[in-house]
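Trainee: Can you keep this structure in mind? I'll have questions shortly.
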Ligand SMILES: *Cc1c(COP(=O)(O)O)cnc(C)c1O
């Protein structure tokens, strides 16, 4: 589906929810996509992209950044502490802060680098064993811990279980954000971004609906 169609669906969802036009940021998830497809979206003027692996992003985005101004790159996949420095140098936002060890590493590196990407704390709303993210019951304490480390926490992120109604998870994430005074909500993907917007998403992460299916 062309980028313009996704943008107009986002605009419609914003209007339906009584939200201001432009209050939702579209992160075009370019992981695994061939460079020609990514380039086509850059040529259309879009600048906000998401990747889930540091290595893969490091292999393609520096070259794009030389040719296109104003790229805004978001890490949406798990981050190992030994790649934290590289991630902080490459990305403008990190959506996968999910454990104290990583938070402490980011805080130390932020001191050293004098800057830090915008951070989102990932919450494992479905309490799935294989999934990253802090458990909902531990979210308040972890948010407080990150704030005590002076980290720039902008919001929360979740990836609902594939076999459950996503809106329940979006509502839970919104509730945790609200009681912690956080504005940012990174939630909603190709199949469910409109319901995420209805429940307050500020960042939707849309891949296949823009670029087509990923072939691994
Ligand atoms: C791949 C990915 C997306 C995009 O998924 P689509 O279904 O292709 O829109 C969104 N968020 C995360 C964390 C992802 O890894």
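Positions of Cβ are set from backbone N, Cα and C atoms, glycine also.
Copied straight from TrEMBL:
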- 6-214: domain 'Alanine racemase N-terminal' (DOMAIN)
- 31: N6-(pyridoxal phosphate)lysine (MOD_RES)
Trainee: Going along the chain, which residues six or more apart from residue 31 (N6-(pyridoxal phosphate)lysine) have their CB under 8 A from its CB?
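Mentor: Same-chain residues close to residue 31 (N6-(pyridoxal phosphate)lysine) (Cβ under 8 Å, separated by 6 or more) are 50, 51, 52, 53, 56, 77, 207, 214.
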Trainee: Does DSSP put residue 31 (N6-(pyridoxal phosphate)lysine) in a helix, in a strand, or in coil?
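Mentor: Looking at the DSSP assignment, residue 31 (N6-(pyridoxal phosphate)lysine) belongs to neither helix nor strand, so coil.
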Trainee: Mean pLDDT across the domain 'Alanine racemase N-terminal' (6-214), rounded to an integer, is what?
Mentor: 98
